[in-house]
Amino acid sequence: MIMPVKEASIANLKTQAPKWQHLPTKPVRVPEIFSEQVEQYARSLDRGESIPSFNDVFFSIHRFSENELYQLLLAIYAVYRPKDPKPLPITQYPVQAGLESPHWSGDTGRDEPPQLTPFETVIAALNNLDKDELQQIRLALDSLLSEVDHKSSDRQTQIQPQPEPKPAVQPPLLEQPKLTDAEIQAYTRKFGFVPSKYQLAIIDWILRGKGNACCNAVAGAGKSSSLFLVAKSLEEAGIQIHEVKICVFGKENSLDLIRKFGKRWEQSISTLHSAGWSLVKQELNIKNSREVRVTNNKYRDIAASFDLLPAPGKSKISLLTANKIVEKTDIFLKLIDLVRLYNLEPNSETLEKLCKHHEFEGLLNPYECAKQIKRCLMVGEQQAANKVAFDFVDQLWLPIKWELYQRSWFKPYKFVLVDECQDLNAIQLELVCALAGKHGRILAVGDPRQAIMGFAGANCDSYQAIYRRINAQELPLSICYRCPSIHIELVQEIFPNIPIEVASNAKLGSIEKITKDDVLEKIQNKDMVLSRKTAPLVNLCLKLISHKKKAQIKGRSIGDSLKAEMKAIQDDFYFMWSDFNKSLDSYFEKKKATYYGLDNEEQKIESLGDKIEAIRAIYEACPNAQSVDDLMLEIDAIFSDENAPITLSTCHRAKGLEAERIFIYKPNDMPMVWKKQQEWQYEQEMNLLYVALTRSKAELFIIGNCDWYKEKDNKDERSQQPEKV
């Protein structure tokens, strides 16, 4: 948890009698970056200067500057290691603003060593101390640095101003340091590549900075590679792997990162759900997840046990609808999830705000609805405490609700690294802070312009929320290594405030505007087609399949939503399979009528129409289908999470994906605009366009006309940003 640091003191730390051995004139245990201090210290002994005792070292460190304390801590971490880690010289990193240069950062240019400062004497004397003595000094340093953090808050406020509600999205550019051939070789040996100027600054912050940071990373900036650099640098500095937690979104991303980092990091890399679930299992002494039931239907079953929802296979009448608490029961389950994801107490005001933000209609009695949600959550907690049942939101919510970070067995991490932080919802953010404890440091990496998960409880300003919550310093990661230069130029024209830069070795690339009729001729295996809506993808996918081209739409969950809509159509009183298209039209008109007068009426109708047209396209492409079940089987065949020779994807599903050749289908659907559109919704629509434009590695095809791109000879019209309706 990010909390105020209590007053610290070294007065009560236990000391022990010093043990001595003569200091060698050649460094043995002290890392190579401090070799100059060791040599100067040895020469001072030759001049007859006295040897400091352990007590001399222990009780002198309180006189050191803040920067010297951090340098000494880094040296002790390195001395602990059985072999000299040979870290790269700190002078290769940019000097952190507001801190003085270290005493050992360069050669004095004199033959005779200068008189050693107390700091230099202590650095050189570390080689004489045994592990217990080093541990005592390390504890004293931790205590002193905590005290410095607490007492120097005013000075830190001047060095790193408190952020505005929204931090600048264009951090200052850094100069690329001029590296020697030896330095380039050293970096390549250590990391496998030469870090960029921004990555060097991140390494410098992690090793010599303090506090927390948010890394503002553009699309294709190498976020996972940067996390690898950070993890490798921490390990080189003596931080144990089990003292670092790396949080990612999605099981597949977790496995990818483990493959990149190596098997040794397997226990440190996980999703936040997994991290929270581990805490719950430890609290309840659950040895194996198979001992308990984890199901998405937990709260549906609880509500059904109170007759709030209809039980499976029974009457559709429920107390929620009969007593006019909600118009439809689905909203009740969504609110149970959102109350937990936003880490809120369920009350009438909270529910009304959630419904307004997420544009849920049908909350008729907020007070009674909140009362029943509290009732279900109370039973849900009891079931969890008794190890009866859990759902996936419980894995995030219960560690914070039960304050498991306050338990005596809880061990916070020294460093918590978060990928895709712009997708964090409120409960995930609190879990990240809990994992770091009072003294751990957080590095949150994300792209504010890829915040497109509003439907999952993540706000459009999630990046700014974590920036404010952890009082972060902002570090840029602005070079896009994925996209060709001409694609980046287009992005820069449409989004001038995004600090995205072209990589020095980027291809030129190409952008070609084509017609819908050109697609069959142009498209080939390994291509990807992106669209804002689902129905155009369904039509195109079926057309490709009919021409013997293997294609699938990314996202089984999208198919599931179509199946749910189709089930509702089938359950309609007037549904007739023999007149399927007419039944679709009738269902659409009746459901559309329920949206009249809503703030988001136009958006809801557009979304419903998208689903109806997708279902109609599937029906018309399957003349041999005999029932709704046959159509559902066809949906399962079209929508998949597996890779296909030709992949079609909505922009929402495309985040994190890339391909050599990208086709943008129905480009004028981006950004979607509608009457009474909220600001955060329009921003997410623009973010979807940004995601679509930053997936291509070589060629970009725009299928049809749009406002944001014109042919090259009309370059002055090329970047017109759409006006909001």
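Here the Cβ of each residue, glycine as well, is placed from N, Cα and C on the backbone.
Note that TrEMBL annotation is computational and uncurated.
Over in TrEMBL, the protein carries these features:
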- 151-174: region 'Disordered' (REGION)
- 196-484: domain 'UvrD-like helicase ATP-binding' (DOMAIN)
- ALA217, VAL218, ALA219, GLY220, ALA221, GLY222, LYS223, SER224: ATP binding site (BINDING)
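Annotated features taken from TrEMBL, shown on the structure.
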residue	record	Cβ within 10 Å
ALA217	ATP binding site	27
VAL218	ATP binding site	29
ALA219	ATP binding site	23
GLY220	ATP binding site	21
ALA221	ATP binding site	26
GLY222	ATP binding site	22
LYS223	ATP binding site	21
SER224	ATP binding site	16
Cβ-centroid neighbourhood (8 Å) of the ATP site, ALA217, VAL218, ALA219, GLY220, ALA221, GLY222, LYS223, SER224 excluded: SER226, ASP447, LEU477, CYS480, TYR481, ARG482
Conformational class of ALA217 (ATP binding site) under the three-state DSSP mapping: strand
PLDDT averaged over every residue in the domain 'UvrD-like helicase ATP-binding' (196-484): 90
DSSP-derived structure type at GLY222 (ATP binding site), helix or strand or else coil: coil
